[in-house]
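> Feature list, courtesy of TrEMBL:
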- 1-22: compositional bias 'Basic and acidic residues' (COMPBIAS)
- 1-24: region 'Disordered' (REGION)
- 56-536: domain 'Major facilitator superfamily (MFS) profile' (DOMAIN)
- 148-169: transmembrane segment (TRANSMEM)
- 181-208: transmembrane segment (TRANSMEM)
- 244-261: transmembrane segment (TRANSMEM)
- 267-288: transmembrane segment (TRANSMEM)
- 359-376: transmembrane segment (TRANSMEM)
- 388-409: transmembrane segment (TRANSMEM)
- 416-436: transmembrane segment (TRANSMEM)
- 456-476: transmembrane segment (TRANSMEM)
- 488-506: transmembrane segment (TRANSMEM)
- 512-531: transmembrane segment (TRANSMEM)
Amino acid sequence: MVNMEIKKEEETKEISHEKGDDDAATAAVAEEKMKLSVDEVIEKYVGSFGLSQMLQVVLVSFSWVFDSQNTLVTIFTDAQPSGWRCKTSAINASLSPSWCMNDTAGGGGNEGQLAGHVCGLAAGSWEWTGGNSATTIAEWDLICHRKFLAAIPTSLFFIGSIFGCTFYGRLADVWLGRKKTLLLACILTSITTFFASLSPNVWIYSFLRFANGFARSGNGICSIVLSMEVVGNKWRGQVGQYGFFFYTAGLLSLPFIAYPIRTHWRYLYRIISLPPLVYIFLLVPLVVESPRWLLVRGRNKEALEVLRKLARWNRKKLPDNIELIIPSQATTTGSEGDKDTIGDENENIWTTRWAAKRMIIVMLFGFGVGFVYFGIQLNTENLNFNLYLTVIINALMEIPAIIIGGILLSFTNRRLLSSLSAISAGVLCILCIIFTTASSKNTSSSNWPKLTIEAIGFMASSITFDVLNIYCVELFPTNVRNFAVSMSRASLMLGASLSPLLVAVGRLSPSLSFIVLGALSIVSGTLSVWLPETRNAPLYETLKQQEEEKRRRLRQPTVV
């Protein structure tokens with residue numbers, strides 16, 4: 001009897017032991033099956049937006065400071081000199097003091113009066129009041145029959161940016177990644193900026209401005225992508241928008257740097273060449289690579305480690321059994337850390353019909369936005385207002401543009417916001433014509449209203465510019481996202497490269513320049529209606545995944 005009871009107890013233990021083994025096996029299987037996308041890991045375990053993401057955004061957004069400084073430095077270095085005067089010897093020999101006095105009073109940077117008086121004077125009979133080293137125009141005499149040369153450096157800068165956008169976009173997507181590309185862009189920006197200050201003539205200067213445009217174009221591309229790829233869906237718009245505060249800081253810093261050294265344009269280039277060097281040594285090492293890019297390159301282990309690091313900074317922890325996956329993407333059975341994605345390198349925007357169509361619309365929209373956004377800023381000298389004060393006012397208008405844009409992005413559709421802001425900027429530019437006509441009759445009474453309308457129009461164009469950059473990030477998947485953003489920025493720069501010509505036209509006819517700006521902005525605003533809405537949509541990883549998800553949604557029955 002006792003033996004039978006012992007035997008039953010042993011059988012019960014064996015059954016319990018087998019059941020425990022089965023439970024453990026089931027748990028192990030469950031652990032193996034915990035496969036999540038980057039979006040799911042961020043939303044569930046890292047946090048949609050925490051301390052780690054805020055630090056990442058701040059660190060990478062510093063590069064926008066160098067971007068804006070190098071882009072708009074020519075407002076001061078290539079400006080029309082403030083005035084001129086006859087030399088004493090010329091007055092005594094052939095020119096009357098009254099003629100020179102009247103001409104100096106009226107010739108303060110006005111192209112028409114320069115052409116009517118200075119261009120007819122003998123060489124050596126007059127001089128710039130600020131000295132020949134104040135601007136490139138003064139140093140190399142880019143006036144009269146050489147005045148067209150003054151627009152070449154700025155135009156070549158933006159053309160260099162077009163080539164740079166294409167280069168950096170491919171480099172960041174396929175080879176170096178976002179972080180290393182940002183590092184390279186900052187190094188090249190610093191070098192080319194410094195060498196521009198050593199230019200012996202306008203031709204070398206133009207070439208170095210081209211090189212500088214090529215170099216700095218990687219800053220903005222990598223910055224916005226690195227910011228938006230580590231946050232949750234609902235924070236993408238705000239994060240991308242608030243990063244432009246640093247662009248504004250760079251623009252706002254220029255008048256304060258330029259004014260004390262206004263008689264030496266070369267010093268301005270040397271000063272703004274230093275911050276990128278400080279940045280790459282002190283801040284870039286703290287930046288983390290995009291986990292999305294690491295994942296699509298097959299570096300799953302590194303991507304997971306980045307997410308764990310972000311989670312730790314947010315005082316959270318990732319489960320040990322997480323495995324990152326790319327939905328709808330075939331994988332090999334190789335060991336973790338090996339390249340296990342298939343077909344990423346072969347996917348291309350231009351060979352995918354829906355992506356190519358979308359990219360073309362974005363680029364057309366970007367062309368108009370770039371022309372208007374940079375055209376308004378470069379056209380400030382044609383407002384007949386203090387140049388330094390005008391730049392400061394425009395820079396300050398960027399701040400409400402960022403705040404308003406960030407608020408609107410949290411609940412407004414991207415498509416609607418980009419369209420309305422572009423059209424509003426166009427209407428305000430056209431309204432400037434009324435005050436431009438009035439200012440020719442009574443300058444003192446109409447300059448401030450004109451400047452106010454111009455500033456509000458610039459704010460609207462700034463909102464459009466910022467929203468387009470965010471919109472483009474959301475329209476395309478990770479494996480081509482940097483390339484898409486680079487193409488969008490290339491179109492922005494193409495529009496910007498033509499804006500110096502508008503400045504030249506504005507010197508002769510300010511009304512015509514505002515008509516061109518207004519009409520192009522309105523036309524651009526209508527293009528966004530052909531783009532899909534992306535608010536609260538997930539960030540896809542591959543073109544294949546995004547296309548399959550689109551087809552799946554179309555197949556779903558409509559619920560009435």
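Placed from the backbone N, Cα and C atoms, the Cβ positions cover glycine too.
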> Counting only residues 6 or more past its boundaries, what in the same chain has a CB within less than 8 Å of a CB in the transmembrane segment (181-208)?
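Distant contacts of the transmembrane segment (181-208): 60, 63, 66, 70, 136, 140, 142, 149, 152-153, 156, 168, 171-172, 214-219, 221-223, 226, 266-270, 272-274, 276-277, 279-280, 284, 287, 482.
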> State, in range form, which of 359-376, 388-409, 416-436, 488-506 has the highest count of Cβ pairs under 8 Å to the transmembrane segment (512-531).
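Stretch with the highest Cβ contact count: 416-436.
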> State the residues, same chain only, that lie 6 or more residues beyond the ends of the transmembrane segment (388-409) and have a CB under 8 A from a CB inside it; answer 'none' if no residue qualifies.
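For the transmembrane segment (388-409), the sequence-distant neighbours (Cβ-Cβ under 8 Å, at least 6 residues beyond its ends) are 72, 75, 237-238, 241-242, 244-245, 247-248, 251-252, 254-255, 258-259, 376-377, 380, 417, 421, 451, 455-456, 458-460, 462-463, 466-467, 470, 535.
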> Counting only CB pairs under 8 A, let me know which of 148-169, 359-376, 488-506 has the most with the transmembrane segment (456-476).
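Between the candidates 148-169, 359-376, 488-506, the best contact partner of the transmembrane segment (456-476) is 359-376.
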